[in-house]
Structure formats: structure tokens, C-alpha cells
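Visitor: Swiss-Prot feature annotations, pasted as is:
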type: BINDING; residues: Gly7, Met8, Ser9, Gly10, Gly11, Val12, Asp13, Ser14, Leu33, Gly115; note: ATP binding site
type: ACT_SITE; residues: Cys91; note: active site, nucleophile
type: DISULFID; residues: Cys91-Cys189; note: disulfide bond
type: SITE; residues: His116; note: site 'Interaction with tRNA'
type: ACT_SITE; residues: Cys189; note: active site, cysteine persulfide intermediate
type: SITE; residues: Gln326; note: site 'Interaction with tRNA'
Amino acid sequence: MKKVVIGMSGGVDSSVSAYLLKEQGYEVIGITLNQHLEENSKDIEDTKKVCDKLGIIHEVVNIRKDFENIVIKYFLEGYNSGKTPSPCIICDDEIKFKILFDIADKYNAEYVATGHYTSVEYSEVFSKYLLKSVHSIIKDQSYMLYRLSPDKLERLIFPLKDYSKQEIREIALKIDLEVHDKKDSQGVCFAKEGYKEFLKENLRDEIVRGNFIDKNGNILGQHEGYQLYTIGQRRGLGINLSKPVFITEIKAQTNDIVLGEFSELFIDKVELINSKFSVEYEKLENLELLARPRFSSTGFYGKLIKDKNKIYFKYNEENAHNAKGQHIVFFYDGFVVGGGEIK
């Protein structure tokens, strides 16, 4: 019997994933990665109940120190530099999957699984296993996992790849799991009161009032601290002008936020930093790729360009979905081929 280590959060997705794996004949080992201070949170208790019901091993691993040093540090530094960071992508790549694979090796488990809505399939074009987006772009989570290396992908199982969320809840109800109607988590997991309150609590004196300005430097009003705003934001600015305005630039060094018309957000090219490709860059350079510059984006077509060791993505058409610090992920025929952070 082959073993699989599965990350379990206490939600319905990972719980049903564990059930499906057991039904498929695997020896399942449930692992909860706890980044919180409390040792017995509601999520941990829910996971214990599910594992007891399924008759599988459950282990809780404390990752608080790594989580603070890597994810929270990245999150705070990102907003402090005027970016809009993506902490879940960094957490998945640098902590969660790394630890799950280490635990799998400890148990001599052949596979690692999670409750993500994505799949791993073999690409005939690129002759390797790659992440592939699932049928519903609304639930597809391949975007979040683009930084996982090909050697990890070969050992990954995503049991939910062919299911809808409704079907998963129906399975959970059918097998009498208490989490069948548990709400999905919203926002970042470590900021239960919202990311703005988390920033205020942790950055404190670094958040100071500054000026809203137009592109010519004229003062339009005051903001509460540039860290509390994001590119493209329109609501919650606390300023009344004769026409709708959007945040087009955040100047962290001067504590100024530039406001402008929606049309000023449209660009046709972005530069990448911290890029990571599952397919050799040279194989992608002349291909038309679908780029998703944020998780909620359905994507825009264009091509990768390299100029003096810098990598850019040139869109076929301008769009207003790009924010500094967000990750842009590239797809070819549904397969995830790479991505990077928008500079």
C-alpha cells in the first residue's frame, strides 16, 4: 500500500481530499501545519475529528517561527515598500510544501497531497509534468502554486481536480463530516481582523499620514499612511473630488500617493523580478502565453521578452490589472510554465 502525506487545514477541501485518497487505497497521513500561537485552535480540533473518523494518523507541526521569519516579514516589508505582496504564494513555496515533503520522506511516503483545486499532468509539448489549471477559473488554484519545482510536482496528488466545490460539500455531508458546511477561509490567514488592522498593529509608528497628489504633484488631500492602500484602489480613499479617481502610484520614499483616472492604470508591459520557470525560458520566448497578473484575473495574452538580463512580459493589449508586488503567472495550453513578481 502506497503512502501519502496530506496537508490538512481543518476545512472541507482537505478533509474530503483525505477521504478520497483513503478510498483510492492509499495509507493516508494527515499533517496540520500550525502557524498560530495557540496549540489547539478550532481548525486543529476539526482536523483531529476528521482524522479520527477516517481512521488515519494525524500530526500537528508547529511552523510559527518560520512563518514569522519568512511570510510575515515578507508581508510587512512588501507593504512598507509600497508593494501589494502575495503571502500565500511565498508560504506555499518556502514553507508548506517544503515541510510536507520533508515529512513525507520521514514516513517513507511516495506522495504528498493537498486540497488545492488544480492538477498535475504530463505535457507532451514540454516533455515533463506540470501544473494544469482546472475547468473552473473561479476555483482554480494553480496560480498560487506556480513556484513549485518540477521534481516536487511528480510526487504531488490533487484529489479535487475533477470536482466542484458543491460536489465536495455533498461528499462531506454524505460521509457525515462536521466540516461539510464550514465556511471557506477569507483573506490572509494571519490577519483575522483584516490586513489593514494587522499592518497598523505591526508597523505602528511607521504608518504616518501623507498626501494624495496628482501626477503633477498638486496636493489633493491627505491619506492615513501609504501602507494601507493598494494600486488600483478607488473605494475607501476618504476624499471627494469632482470625478472618480484611482491610486496609480504609491511613492513610499516620500509618503505620497498619486491619484489619477482609470485610464492611467493601463499598461502593455511589466518587468519581472524573482521569476521562476517550470519550463526552460528559451522554450517560452517565442510562444504566445496567457498571463494572469493577479489571482482573480482570467488572463491576457502576450509574449516574454528578455533585454539585458531583464525579463519583461509584453501584453497584446493594455490592461489595468498590474500592481507592484503581485505575482504574474504564465500558462500555455492550460499548463503553468512559470511566473514572477511584478516590479
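Along the chain as shown, residues are numbered 1 onward.
Yeah, the Cβs are placed from backbone N, Cα and C, and that goes for glycine too.
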Visitor: How many Å separate the Cα atoms of Gly11 (ATP binding site) and His116 (site 'Interaction with tRNA')?
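Guide: Here the two Cα atoms lie 11 Å apart.
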Visitor: About how far apart, in whole Å, are the alpha carbons (Cα) of Asp13 (ATP binding site) and the residue listed as 'active site, nucleophile'?
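Guide: Here the two Cα atoms lie 18 Å apart.
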Visitor: If you measure Ser9 (ATP binding site) to Cys189 (disulfide bond) at Cα, how many Å is it?
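Guide: Between the Cα atoms of Ser9 (ATP binding site) and Cys189 (disulfide bond), the distance comes to 11 Å.
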Visitor: Consider each pair of residues in Gly7, Met8, Ser9, Gly10, Gly11, Val12, Asp13, Ser14, Leu33, Gly115, all listed by the record as binding ATP, and report the largest Cα separation in Å as a whole number.
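Guide: Comparing all Cα pairs, the maximum is 16 Å.
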Visitor: What's the CA-CA gap between Leu33 (ATP binding site) and Cys91 (active site, nucleophile) in angstrom, rounded?
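Guide: Roughly 11 Å, rounded to the nearest whole number.
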